[in-house]
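Trainee: Here TrEMBL flags A:9-102, A:151-269 as domain 'Pseudouridine synthase I TruA alpha/beta'. If you look up TrEMBL, you'll see A:Asp52 marked as active site, nucleophile. The substrate binding site feature in TrEMBL is assigned to A:Tyr110. Per TrEMBL, the feature region 'Disordered' maps to A:166-188.
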Number of protein chains: 2
Amino acid sequence: MNHWKLTLSYDGTLFHGWQVQPELPTVQGSLALALKYVTGESVLPQGSGRTDSGVHALAQVTSFALETSIPPANLQRALNRALPPSIRILTAELVDESFHARHSARRKTYEYRIFERRTAASPSERICSPFLAPYAWDCRWQLAIEPMQEASKYLCGTHDFTSFAASDPERGLREEESDDANGKAHGPNPVKTLLQAGWAHEDGLLVYRVTGSGFLHHMVRNIVGTLADVGRGSLAVDEIPRILAARNRTAAGPTAPACGLFLHSVEYDPV
Amino acid sequence: MNHWKLTLSYDGTLFHGWQVQPELPTVQGSLALALKYVTGESVLPQGSGRTDSGVHALAQVTSFALETSIPPANLQRALNRALPPSIRILTAELVDESFHARHSARRKTYEYRIFERRTAASPSERICSPFLAPYAWDCRWQLAIEPMQEASKYLCGTHDFTSFAASDPERGLREEESDDANGKAHGPNPVKTLLQAGWAHEDGLLVYRVTGSGFLHHMVRNIVGTLADVGRGSLAVDEIPRILAARNRTAAGPTAPACGLFLHSVEYDPV
């Protein structure tokens, strides 16, 4: 068997998320179809983690094994021909069989992009271009970056992020979106470590970039929704420790829209 | 009656063009629905011209009359709330009743965007980002800009553009897309004047910008497809006069994909 690691970028707008679902267009499903078309083999590529409906990826990572022998550049080209333009394979490489896109992941970075209709520089309402709308949260409030930056500092380090995890009444309190090694076997571990997080103004957008050892389901979108409450002045910066301590989803702010979220990159140990 | 002129931008990806069609999402249809929702009135807004399925607009112009009296800023805001994020009203103004988005148009500018997989600077294949794919032609050839620039010069001025017009076997040889004053009444006039046209490298794209008194159906996409043939070396620059003289669609090159085309702006006489 040949073991593969692919990085891929996708526009999540028209996909029902990463994970394969019957009758619905998903990234994993499209990739499986393209692999079948190119190699004749039926494999389900594993992602570094799931992304939800409408969430994008700049560099998702996937792994799978094939019987077929094919040079990496050829597999990449053939898959890009078979896939829709909304999914592009950026790199394809042969890896050791111990490599697993989810289990081997060490750090993951997400990026969240906000378009502000009102800014300090232009207090009258700006209009979010139709060409930007699928890739940013068109936020009606003017957001003050400094308090959001301060509030974000409280989240860095190791915490129980239960307050920022999706609570799913049917399948338990929260669900692991991603890559925690103990994930599936022992139930999701709500304790995660954020290694780096911060806001920046970039190209007229307000961008949040956050790197962590792992993330719970909806965790980045719930963090951004809560920090936006801080930015618009409806939540005090020093409420963040209380929200963390509550270990209850209702303590935190709303979930920011999916379209602003990008899986930026996934890091692995060097081989 | 209050007479209105609106400029609007739209992402054409998911619309079946400008013109209203039963059961299909169109820009004109969405706008009519939003106007009905906001004012209660049933009006069909007139565009400066039709755009095809998948063609975008940076600044389309539309006109219509309403009984309702409403301040321009309020109409703009209410329409933007009622419309999908893929259509944005950029400006709204009250105009004289003689104003008509199509009949009053004097010049129109289109922009066509090409992503080149192979360029002189990067001869190995570049990958068109999924976030760019809906807004550019992902062109497999390396294109030489100088001969395309030379070929474009032959098209400037007043010519019979029959060779670059969509030939429609059911409805006659070609159909007016747009704004020629004699259009509907006397059948399309294939003689058009291109006032300015040229290629430029912009943000990693090859961009064609063309300004004319009016355009035939598919004219810009057929011009770009033909100039791309020149750019990749399969058509000689000095074939362009022969193609114009042929007055036959089969003489020119292929139609470039819709997704690369943007209606850039429409100009009117100052009032």
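Yeah, the Cβs are placed from backbone N, Cα and C, and that goes for glycine too.
A TrEMBL annotation is a machine prediction, not a hand-curated record.
Show me how these features fit into the structure around them.
Mentor: Helix, strand and coil content of the domain 'Pseudouridine synthase I TruA alpha/beta' (A:9-102), in residues and according to DSSP, is 27 helix, 25 strand, 42 coil.
Under DSSP, A:Tyr110 (substrate binding site) is assigned to a strand (E or B) in the three-state scheme. All protein chains included, A:Tyr110 (substrate binding site) registers 26 other Cβ atoms within 10 Å of its own Cβ.
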Trainee: Pull the DSSP breakdown for the domain 'Pseudouridine synthase I TruA alpha/beta' (A:151-269) and write it out as helix, strand, coil residue counts.
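Mentor: Per-class counts: 41 helix, 34 strand, 44 coil.
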Trainee: To the nearest whole angstrom, what is the C-alpha distance linking A:Tyr110 (substrate binding site) and A:Asp52 (active site, nucleophile)?
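Mentor: About 13 Å separates the two Cα atoms.
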